[in-house]
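Enquirer: Quick one: the structure is below, questions incoming.
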Amino acid sequence: MPADPALPDPVPPGPTAPVPTDYPVRLAVDGAEGPWEALVPGVAALVEQAVLAAVAAGDPSGYGLTPGTPLEISLLLTDDAAVQALNRDYRGQDKPTNVLSFAALDAEEPLPEDGEPVLLGDVALARETVVREAADLGIAPADHVFHLVVHGVLHLLGYDHEEEEEALDMEGLETAILGARGIADPYADARGPEQEGSDR
């Protein structure tokens, strides 16, 4: 029986379905057209899935946010030159990088009133670096984009990798999120066989 044209298409099952989260996310994506869409067809939907997966796994309650609190995230898909400028101006490093995160939430500051959206911050990806890294790693650009967005959003939620224990926690969470989508562990080679079975 043909589908009713008045009804929306069902969400496909499996790893492409949106991940449910207790925190509604208002996501603003800039730059998804043009070169980014050519690189990863459907990139806007892909990055939305990555954001929702990171929020669902990252537990915003650590900031004192209660389930149902709307979260706002801005995501910029741009090029190496723009990311290099951001990296130089805000981090003092005059070079491009794959992803930058600018967290807006501070655990020491008061939260907005109940029901008011909470700005988590901004994430920016550099296209040429993403392409180069994906080629070097032998993985699909779409999988690398998904991983970098997850990584960036986890930074907005307070995760970090400056200390070894923090890095293991963050990498373990990323690996679990990616695994649920069928993406291989990006840290397996760096971890080495002696740590392959460790609790991350």
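Cβ atoms here come from the backbone N, Cα and C positions, even for glycine.
Taken from Swiss-Prot, the feature region 'Disordered' covers 1-22. Feature annotation from Swiss-Prot assigns compositional bias 'Pro residues' to 1-18. For His151, His155, His161, the entry in Swiss-Prot reads Zn(2+) binding site, with the evidence type sequence analysis.
In terms of burial and nearby residues, how do these features look in this structure?
Expert: Look at His155 (Zn(2+) binding site): DSSP puts it in a helix.
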Enquirer: Would you mind ranking the binding-site residues His151, His155, His161 by how many other Cβ atoms sit within 10 Å of each Cβ and giving me the lowest?
Expert: His161
Enquirer: Excluding His151, His155, His161, please set out which residues of the same chain place their CB within 8 Å of the center of the CB atoms of the Zn(2+) site, keeping sequence order.
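Expert: The surrounding set, listed in chain order, is Ser101, Gly152, Leu154, Tyr159, Asp160, Met170, Glu174.
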